[in-house]
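> Provided herewith is a single structure, encoded as structure tokens, for subsequent inquiry.
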Amino acid sequence: MVVRVRPDLQCFNPRDYQVELLDKASKKNTIVQLGTGSGKTFIAVLLLKEYGVQMFAPLDQGGKRAFFIVEKVNLVEQQAKHIEVHTSFKVGQVHGQTSNDLWKSPEHCAKFMQANHVVVITAQCLLDLINHAFIRIQDLCVMIFDECHHALGSKHPYRLIMAKYKELKKANEPIPRVLGLTASLIKEKVAPDKLAEQLNKLESVLDSVIETASDLVSLSKYGAKPYEAIVLCKDFVTNRLSLPNHDAIIGLLADTEAFVKTTTLFHPDLDLDPRKVIKNALKTTISAFHILGPWAGWKASQMWEKELTKLTKSQILPDKAMIFLDLARTTMITIKRLLEKEMRQIRSLAELERYVPHRIMRLFQVFEMFSPEFQEKRLNAEVPERLSAIIFVEQRYIAYSLHVMIRHIRQWEPKFKFLGSDYVVGASGQNLANSDNRGLHNRQTEVLRKFQRNDINVLVTTSVLEEGVDVKQCNVVIKFDRPKDMRSYVQSKGRARRAGSRYVVLVDQTDVSACDSDLKDFQQIEKILLSRHRTVNNPTEDDSEINLDNVDELMAPLVVEKTQATVKMSNAIALVNRYCAKLPSDIFTRLVPQSTIIPTEENGVTKYCAELLLPINSPIKRAILLKNPMPNKKTAQMAVALEACRQLYIAGELDDNLLPKGRESIAKLLEHIDEEPDEYTPGMSAKVGSSKRKQLYDKKIARALNESHVEADKECFIYALELERFREAEPVLNPKKRIFQDPNEYEYCFGFLSTKQIPKIPSFPLFLRQGNMKVRLTVAPEKTRVTQSELEEIQLFHDYLFTQVLQMCKTGNLELDVTNNAPLNTLIVPLNKSKESGTYAINMKYVTEVVANMENMPRIPTDEVRRQYKFNPDDYKDAIVMPWYRNMEQPAFYYVADVLTELRPSSKFPDSNFDTFNDYFIRKYNLEIYDQNQSLLDVDFTSNRLNLLLPRVQSQPRRVRSMSNSSMSSTPATQSDSKESTTSNSHSQRQILIPELMDKHPISATLWNVIAALPSIFYRLNQLLLTDELRETILIKAFSRESNDTKLKETLEWSPLTYTTNYEEKQSVIVKKIQQLRELNQKSLEAQQKEQNDEEIKLEEGGEEEEWKIGVWDPELAVQSGVEISRKTENIEGEDTETVGLSQGLHDGNISDEDDDLPFVMHDYTAHFTGNPNENGSHQSWGGAAEIVPSGWGDIENDGSDLDTQPIPFQIIGGSGKFNVQALMEDVGRVFEPSMSGISQQGGAAVVPPQQPPNTSASVSNASVSTATSKSRPFTREEEKLRKIQEELLAKARERLEELEISEEKDSPRRIEETVDLEEFRDDLLLDKEEEETVVRPKTMDEEIEELKRGALIKESNDNDTFKTDALERVNCEVLAVAANDLPPRPFSFEKESQTMHGRLLKDHDQDIVSHVDSEVAYGVSPCLLLTALTTSNASDGMSLERFETIGDSFLKFATTDYLYHTLQDQHEGKLSFARSKEVSNCNLYRLGRKLGIPQLIFANKFDAHDSWLPPCYVPTYNFKAPNTEDAEEKDKEIERILNGQAIEEKPENKTGWDIGENTAKSTADGIETINFPKQNRLVNEDISPLPYNLLTQQNISDKSIADAMEALIGVHLLTLGPNPTLKVMSWMGLKVIQKDAKTDVPPPLLRFIDTPTNPNASTNALNNLWQQFQFAQLEEKIGYRFKDRAYLVQAFTHASYSNNRVTGCYQRLEFLGDAVLDYMITRFLFEDVHQYSPGVLTDLRSALVNNTIFASLAVKYEFQKVMIGRKSFQVNFFQHFIAMCPGLHHMIEKFVKLCADRNFDTNFNAEMYMVTTEEEIDEGHEEDVEVPKALGDVFESVAGAIYLDSGRNLDTTWQVLYHMMRGTIESCCANPPRSPIRELMELEASKARFSKMERILESGKVRVTVDVGNNMRFTGMGRNYRIAKATAAKRALRYLHMMEEQRRQTYSISSEF
């Protein structure tokens, strides 16, 4: 719990008390008194690590050893395991039963000591070894005494060992550090003076000082000091109330309760028992009646009546259960009616007074003092003090009842209108499984938020709020029931936070003296505790008389001239505290400054200097020293804080207002930079750089095609458009099997005339009817001239092609313009080509012929002409024909495919409605066919499809499509409408026309095909020429090439543009979907399995998974996924809707907040009722509490280091929920303890009673006791004794159960303090004389400062003198063989271009590939690849930028990170991350792209020749050009200012009348901005511009498309040219990058601030110490890399909390770098894979591999964590080298490592995708939800960063090492690829998921996203941006849904067994 320092203390924020204890323990002998859960073991383990330098040195070279001394044999193994798990130490075990050789001789003992660093040993054994001189205390560096209070026994081995220790100390021999561990020494009822005496005695025996630091003492020390008052209240007895029906009510409740309790109607295993809920109803009603009076009882009976009614209606229950529920309901109705007459009349406080306890009246008297009238009139307060009160009650239901009462009184009494109340109770235990408990958790959060905001001012609560929950502004705390123990007193008092607050205890008269006595004792004990918790270097008090009134005059303040902001001595400490709190850290770490007071003598007067160390991730790493001494410690602290502020301002860490540059300003900026939600939100203005913000840009024509206007008699170039078929038409696209000629064989082709020389461009594919063509632009060897008349004919021919043939001008939107005005002004001409000479000439004859026949077609012949018509088959070869008798408005053109000589007009017509073709035409068109001998024509429809960039869409087989709207026809649509067709088998699918009724077009069929390709050719030509221009620009601007050097040499040509089209081809090359990758892997797996065993395959196929359904679920599991479930039940009027968590269905009646281990307390029994019993008869949903295995006391909440851990001789089986196992175990403890204390230890060997074999157990049930010992022999004495104990236990258990049944629902604190009564351990023997002498007065603060300084110096000196095993300087880094031999399947180099590019330049003569390697950029990137990088997926082209964008995005992040790391060397990770966010944000890329003119080069819309393409020599008939929205430019300027770091001006939105009441999507309240996503589907097609624009000259492009294109351009340069040239291109783009060969002025990682002239190698010594202490040499061997500069590795493992390391920074900056290094390397590795993953798959795989969960798992796998924490024993462990000092993180990592161990270190991606990975993803106050400690993943990233820097920024070396570490994970991921959580959630059709809203917490910038699943489930996810938050919400939803599914399966399998 974070303790807030009250402002008047003038001290730096304190460290965690565990860290404070550790610091003291390493510098002086200390006794730590903490409960097991409070981190005793944490301190012991970290103290051992602190002495690691001496312990890891060989014993024969001055190394030392540590002893962990325990009292009992069975603790030896337990503690040894714990130390092994948490550290790298080798741990030996010694007790009387160990059969090792160390007892044989001193030599054997020495060998044992040599082999182990830490020895866990029983006290008697150690004493014997010392007595026999096998071990010398001088060879030890640490002795830790477990349960050290035993030392009070006069002959106890602990005391005798310490006697030896003191002898050595007296003789000035080297002695070890002593640490005593004990539970809390403060018993609940102990006289303060006696306590002080006992503490002194223990200190004397152990030559140590007791440190009382704990969360409780910290609260007393630093928390507020409220005014304390006891308020006397009259006693309250309900039977004196003269209530008419009092006895009847009490009798009815008692009788019903007795009957329910004693009935035997329900079988415990077979029947469904409803009594728990009934007992709860009765119990809570009785307690409300007795504690708050009949009115509260009346309200309670009302509530329970409704609850029980609901229960009977909502669940299908057996008759017996229904009868019992009806009985309870009837009881409640009767109670309500008995009370109703009197209670209903009450309408004022005065009327209520006679029915309530006096303490209620007293409570309202306290409230009245805060009413505005009272404050103004009676207290004459100028500013009335606003009430903010917390009332603590003992029982959960009383909290609710009191809140209801306050609410009613507020309505009755006008003077109490100012009260606003609510209540908070905790969920029972940590089980938030069921829906109500989850609702309770969320309700608690919401109520506390309201209290913080002052929406309510009275909070009624149980002890849940005494600890753990932070409530800031409370000014009155009222204890409705007096505090019974010290913890309750301190915790509740500590809630009064505001200065001048009151702590009021309401006490009945009979209880006054006891309460008064208790409170006095509590205050005395508080004083004793505080006196032993002195933080002398950060004092809260001073032992000198000081006056701080004129303190600001002692030192000049810091004043900023510009703003006049001032900081003085009196407020400097607060500013330093504030600054440290803003530094980046995880939620478990509170960074605080560390001060040291340095007393100095000046003219015989002691004055004080101070030294201040800021946290190690602050840019100021040096110690800040106060030069001029101050008169006392307090002023020295203030002065050094002021000096720190001065230095922070100079370093730029404080702004001109002297405020920390922290998260708030960044959060505000991130709002603009963060990605937009994908969800549709009406009325939301889109952000700059988002996909929703679209703008209009002019389309661009390439320079080579513009201004190429041909004039008469002037030379011009002829460019031929050569088509060459490279693949026949697909059979499915040519169903009639037509035979087509290759256009390359034609003697003619099309070309165009241009006055400009066109650069070489790649050939490109088109997909024509004749097959797949390669189009090549070829320039004729000689120029040509045309005369004026020829030119006019050519222009007419050109116009004819586009208007008549291609029908481009039908809508009248185009007109011919052959001047320079047309954007594209080349003229199209037919060419004759000569293959032999390679020359081309204009076919003017053909031009003239076409122009001469340029009438409107089709021409309708006269009847006369028709009669004279004679059919000539040659006229129809290669012809285009048009029927003239129909479709005159839209003439249809047909290719003549064949002349059908066997058919005549008189032939049979295929449709039975008509006899012949003649008959058909007479009846349908009234046309007589004159030439009866003509053959008929087999024709194909000419497609009006002009987009030939991709093949035709393949028709679906057997699908009927009509001719009028389709480019082809599979079968005739209907017989009569299919024109003159036949459906006979012989002529299937043929379309048959009559020649006489056709007009023949002047243009031949083969040319027609080519003409149809002209729009696509010119569109693509323009694209390639534009990208070629971009290529030239980049070569000139980025690489400083001369313009001439950018042109291709004659001998070279570009590789052709290619892209996969046909489906099978795509499938074979690119993996488009995760499912496809899974199938591929599955196929290869199946193939392997088939080879091995055919039988197995059959079995596999037989066991298919069932279809996914939602079935029976156990809500208990919901807690693990953070689900909130809202039930759609009827709302009951009044306050009953608030009773969430108070009356949850059928639960067990115990609704206390106690942290029971039992998961079934406060359980939702719905699942219990609907599930199936398992074979034991208990229910499946109650697993987990079924067995408590007899492995010692460790299985109870604590780990048992302080309890007698003799194994319990029985086992509790079954968890019916009828008794409190934890309480029972405590009773067991009390029974066992005396029986075990008699066991003595003699002769060095511990004697323990024989114990049962581990596999035997006895069960205790309510009915019988059966012992587990064998019946075949009589009991031994010991066994008889144990049997008696069992019987006693059973009796105790029964008593306990009885108590539990009738116990009131008290709300106890979350943690019960473990205590030791010192009286039990002392004996009457006097202290030794020496010991008596050592009892001295307490040390002054100055003496303690000196003692701590001396202890630190001795340890430092010993550490420095210790032999170092690996301290030599290194010359080079080295990849060790273990990593070097682990090669990836497809090796590639990060320093070179990608193998997937295959080089893009071809030499003509020998077809050699020209490669690019870094400096040799040759001719840059091929126009084909640039075109790919500029084509969005919306363009529906054969390529898209997405794959390049993925790799470009990753490289951009890496290059930017590299630049920022090397240039902003003093900035911490928070600022670096923000700078990176700005640099790589879409809005920045959009801004830079726009400046470079990239939007004009982007192709973002589908090519549509008719609507959005301007043919050559045409202009639009209108000059309309749509503008962009008015605010577009202003927004661009604003983002420019933001990105340049200027302040943002907050502008009020000028709302018009149209806006008012419209935009409900977005709102801001209480520091949270909320955007609601509406339910309806998006009605607007977002691809359509909201305003009309000119499609011919403008295109509508989103800002994000521009950003994507920028990233794709980076990606394509990287893959084609390699990284170094790409960095130059990025510089040209305006991005900040550091060139690979640039000199970086990066200081070495070893900081030398602690070096002095007298000790110039202090930092090197410190580094050597850390290297040995945390065993980094071992780690190097594991990861396969030896560092050149060891400081990098030490830094990579140093957590910000470890303030002892002052020679390297913490890992945060390296983590920032390593994150980007890993992201890029893994993305590039996946990109290079042979599978060619599609962008979606690539992104999913990258997300699966580059995330904190995976990195944290790898860190555990490689033992990164043992430096800090540990887990159950297993073979490898990576975090042992982690350098940290943070208790919260310690426990978090411990949990995670255990989880990894349970999974056996297998990376289960699909499971891990659903883990709530880091603290980034959780809401404030929900720290317990974190599953993956971010710190572990961060360390993995920082190791990557460290290797990258140490290897000289060599990515290939870095990848070698990291691939070795990640290989298994990568292979596993690619073999079983996970889907992204969002995608998976959306694909679960049954889930009906909808993301409903997004909230941004303005202070921190964090985003919360809500997803609704189905109608009653809601999940939230947090994240630093929208994307992460959305994924987290999806993860939580999926985890929950999967758990439900799993439980459904289990239920199904169980029921199928029955």
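Including glycine, each Cβ sits where the backbone N, Cα and C put it.
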> Under TrEMBL, which of the candidate ranges 1063-1094, 1319-1350, 1383-1414 is annotated coiled coil?
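That would be 1063-1094, per the coiled coil entry in TrEMBL.
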> Quick one: sort out which of 1127-1164, 1165-1202, 1241-1278 is the region 'Disordered' according to TrEMBL.
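In TrEMBL, residues 1241-1278 carry the label region 'Disordered'.
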> Let me check one thing: do the domain 'Dicer dsRNA-binding fold' (572-668) and the domain 'Helicase ATP-binding' (21-203) come into contact, meaning three or more Cβ pairs under 8 Å with sequence separation of at least 6?
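In this chain the domain 'Dicer dsRNA-binding fold' (572-668) does not contact the domain 'Helicase ATP-binding' (21-203) - fewer than 3 Cβ pairs sit under 8 Å.
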> Return the average pLDDT for the domain 'DRBM' (1876-1939) as a whole number.
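Here the mean pLDDT over the domain 'DRBM' (1876-1939) amounts to 79.
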> On the DSSP side of things, how many residues of the domain 'DRBM' (1876-1939) fall into helix, strand and coil, could you say?
28 helix, 23 strand, 13 coil
> Could you put numbers on the helix, strand and coil content of the domain 'Dicer dsRNA-binding fold' (572-668), residue by residue per DSSP?
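Per DSSP, the residues of the domain 'Dicer dsRNA-binding fold' (572-668) fall into 35 helix, 23 strand, 39 coil.
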